Amino acid sequence: MAAAKWLIASLAFASSGLAFTPEDFISAPRRGEAIPDPKGELAVFHVSKYNFDKKDRPSGWNLLNLKNGDISVLTTDSDISEITWLGDGTKIVYVNGTDSVKGGVGIWISDAKNFGNAYKAGSVNGAFSGLKLAKSGDKINFVGYGQSTTKGDLYNEAAAKEAVSSARIYDSLFVRHWDTYVGTQFNAVFSGALTKSGDKYSFDGKLKNLVHPVKYAESPYPPFGGSGDYDLSSDGKTVAFMSKAPELPKANLTTTYIFVVPHDGSRVAEPINKRNGPRTPQGIEGASSSPVFSPDGKRIAYLQMATKNYESDRRVIHIAEVGSNKPVQRIASNWDRSPEVVKWSSDGRTLYVTAEDHATGKLFTLPADARDSHKPAVVKHDGSVSSFYFVGSSKSVLISGNSLWSNALFQVATPGRPNRKLFYANEHDPELKGLGPNDIEPLWVDGARTKIHSWIVKPTGFDKNKVYPLAFLIHGGPQGSWGDSWSTRWNPRVWADQGYVVVAPNPTGSTGFGQKLTDDITNDWGGAPYKDLVKIWEHVRDHIKYIDTDNGIAAGASFGGFMVNWIQGHDLGRKFKALVSHDGTFVGSSKIGTDELFFIEHDFNGTFFEARQNYDRWDCSKPELVAKWSTPQLVIHNDFDFRLSVAEGVGLFNVLQEKGIPSRFLNFPDETHWVTKPENSLVWHQQVLGWINKWSGINKSNPKSIKLSDCPIEVVDHEAHSYFDY
């Protein structure tokens with residue numbers, strides 16, 4: 001039992017004199033969403049914790065008592081990939097990755113109050129996840145997803161024949177997407193059933209591919225699609241799933257349909273919102289998401305954007321009647337926020353939605369028949385919402401969330417009432433000890449066109465009478481934001497606790513502040529956003545006495561990496577002691593090498609060959625900009641980043657080196673646009689924080705701060721001189 005204690009809280013990690021170290025950050029327990037049982041008494045959630053000594057991440061499943069917040073261990077079996085409630089008291093269904101079928105998984109059934117008596121219902125001949133279940137007569141129908149072969153069978157990688165050649169041949173896009181070369185396999189939703197005999201259920205191994213009959217359809221859609229891309233009606237008879245429009249080029253357009261199909265696959269799936277279809281509202285042809293059946297199964301709510309090539313357009317709630325030819329209805333269509341998830345109340349009269357609002361992921365409610373002018377009401381909760389589930393048949397919801405100061409917040413929220421706290425990780429995990437909301441505050445500054453929001457993040461033990469170097473962190477996207485949420489990659493608090501005050505701006509292009517601010521970055525990447533950042537920096541310099549801008553640094557990833565490269569060639573670049581650019585674009589024309597062409601074609605108002613001047617306008621490699629470079633810069637780029645080729649980072653480093661500017665190149669051959677592997681993440685932090693600490697003077701003022709020499713990886717240096725001797 002002692003070995004499982006970290007599953008309940010965590011074991012203390014031996015840290016340095018710094019309050020919140022990269023080791024603390026990486027090794028802190030990570031908890032998944034809490035899913036309540038049908039009665040609203042218990043919730044189950046996944047938890048894992050990285051162990052630096054053993055170089056592994058054991059995981060397991062916990063139970064959360066929804067009355068008092070107590071947590072208990074359900075199982076420490078790391079092979080269990082998911083658990084869901086069977087719908088019958090405290091009985092559960094889980095997927096076990098070790099199975100008698102090579103490359104397959106086992107479906108097991110147990111009871112949350114007596115887990116040891118689990119039994120195997122059957123096997124699935126391939127990787128399979130995302131279970132959703134519903135009773136249908138004497139059976140329990142389910143859906144989940146896996147990869148499909150071109151024939152429609154569930155793909156089993158372990159059983160696949162080895163190809164005679166490594167060649168890849170393409171006649172259409174995508175060639176590669178995010179971090180993967182696209183192959184002939186594709187994601188598909190499969191249906192099956194658990195049959196009851198006596199007091200046990202069994203599965204015969206038979207699955208029906210509901211997506212394959214629609215040529216060129218795919219669901220869930222990669223790289224981030226999951227179980228939220230499909231739903232099963234409460235009677236288990238009908239399935240809804242999301243797929244990109246099969247007839248349109250997927251790399252160029254974002255148009256997405258919601259398909260409806262019988263659970264048994266007796267008919268081919270049909271879209272309810274086909275572009276220019278008789279039911280689809282006029283002019284609505286963008287990305288769809290979050291399909292969910294009403295409790296009676298007669299309606300489907302989903303979200304959809306209007307623009308066909310814009311991934312950051314505003315989502316609007318839509319409701320369609322199942323099996324009807326009536327036009328799809330738009331709900332609260334004038335609301336200037338972009339909902340992300342929608343669910344029905346148990347009586348089908350109210351919709352609960354999450355949406356980003358002023359840098360916080362909030363929960364809202366609105367009537368299911370709300371007029372266009374209706375403004376949804378906020379449900380009180382702490383931090384940002386990651387997911388939510390109804391507690392029994394009540395109006396209360398169990399929220400799984402996080403914030404800038406805690407990586408897990410479990411709470412119960414009820415419209416019109418204060419939230420009820422169940423478990424906040426920063427109050428339990430030793431690694432997060434000392435983190436709290438008091439060190440976080442918003443900052444509003446007049447920007448290029450409107451007021452711009454930023455977060456100020458202070459270090460542990462902050463003293464307003466002392467002065468701290470500025471860490472100016474620029475988010476990616478560009479249509480994204482620094483939210484009141486926990487990041488497992490770029491975490492402002494880790495930076496702050498090296499001895500900085502972090503300012504994390506949300507300039508033009510950011511989401512959650514109204515669609516106009518998001519849209520205004522179009523064809524203006526280095527325009528208004530750069531001016532916003534200059535104004536924020538000037539405000540900090542002139543008005544916040546405890547921030548030292550003379551010894552500040554700037555860093556960013558993706559669009560933030562581009563902006564750091566842009567800053568290097570402009571006046572603001574001379575205001576920083578050091579720069580860090582992670583996966584940022586360098587040469588304007590290289591953007592054509594990206595995967596999702598709709599992104600660049602929207603943001604630069606045309607194709608690469610028709611609007612070349614727009615791509616060149618924001619080219620960081622222009623000779624007149626490169627001539628101004630002088631600030632020491634760390635460049636990071638990874639081999640499996642197929643959004644922005646690693647050649648971008650190498651080219652940037654080449655120029656920095658040839659100009660004699662102190663610089664370093666950090667590369668992970670096994671990472672993507674993000675760095676996610678624990679040991680790589682530690683090296684990333686050692687290099688990034690060591691770099692900025694060297695140039696900002698933190699290494700001198702705080703001997704316990706991270707130094708470049710703390711990283712055990714040997715540096716490749718074949719030159720007779722070293723910039724690091726300067």
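Here, residue 1 is simply the first one shown, and the rest follow in order.
The backbone N, Cα and C atoms fix where each Cβ goes, and this holds for glycine too.
Per Swiss-Prot, these features apply:
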type	residues	note
ACT_SITE	SER558	active site, charge relay system
ACT_SITE	ASP641	active site, charge relay system
ACT_SITE	HIS673	active site, charge relay system
CARBOHYD	ASN96	N-linked glycosylation site
CARBOHYD	ASN252	N-linked glycosylation site
CARBOHYD	ASN605	N-linked glycosylation site
CARBOHYD	ASN699	N-linked glycosylation site
REGION	269-291	region 'Disordered'
SIGNAL	1-19	signal peptide
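If you look at the region 'Disordered' (269-291), the same-chain residues 6 or more away from its ends with a CB under 8 A from one of its CBs are 210-211, 213-214, 217, 228-231, 239-242, 245, 248, 254-261, 300-308, 310-311, 313, 315-316, 318, 320, 325-328, 330, 339-342. When the alpha carbons of ASN252 (N-linked glycosylation site) and ASP641 (active site, charge relay system) are compared, the span between them is 19 angstrom. Annotation for the recorded positions ASN252, HIS673: lowest Cβ count within 10 Å of the residue's own Cβ, ASN252. Each of the recorded positions ASN96, SER558, ASN605, ASN699 was ranked by the number of other C-beta atoms within 10 Å, and first place falls to SER558. When the recorded positions SER558, ASN605, ASP641, ASN699 are compared by Cα distance to HIS673 (active site, charge relay system), the shortest distance belongs to ASP641.
Cβ contacts within 10 Å of ASP641 (active site, charge relay system), excluding its own Cβ and spanning all protein chains shown: 22. When the recorded positions ASN96, SER558, ASP641, ASN699 are compared by Cα distance to ASN605 (N-linked glycosylation site), the shortest distance belongs to SER558. Look at ASN252 (N-linked glycosylation site): DSSP puts it in coil.
Note on the region 'Disordered' (269-291): DSSP counts are 0 helix, 6 strand, 17 coil. Of all the recorded positions listed here (SER558, ASP641, ASN699), ASP641 has the Cα closest to the Cα of ASN96 (N-linked glycosylation site). It is 27 Å from the Cα atom of ASN699 (N-linked glycosylation site) to that of SER558 (active site, charge relay system).
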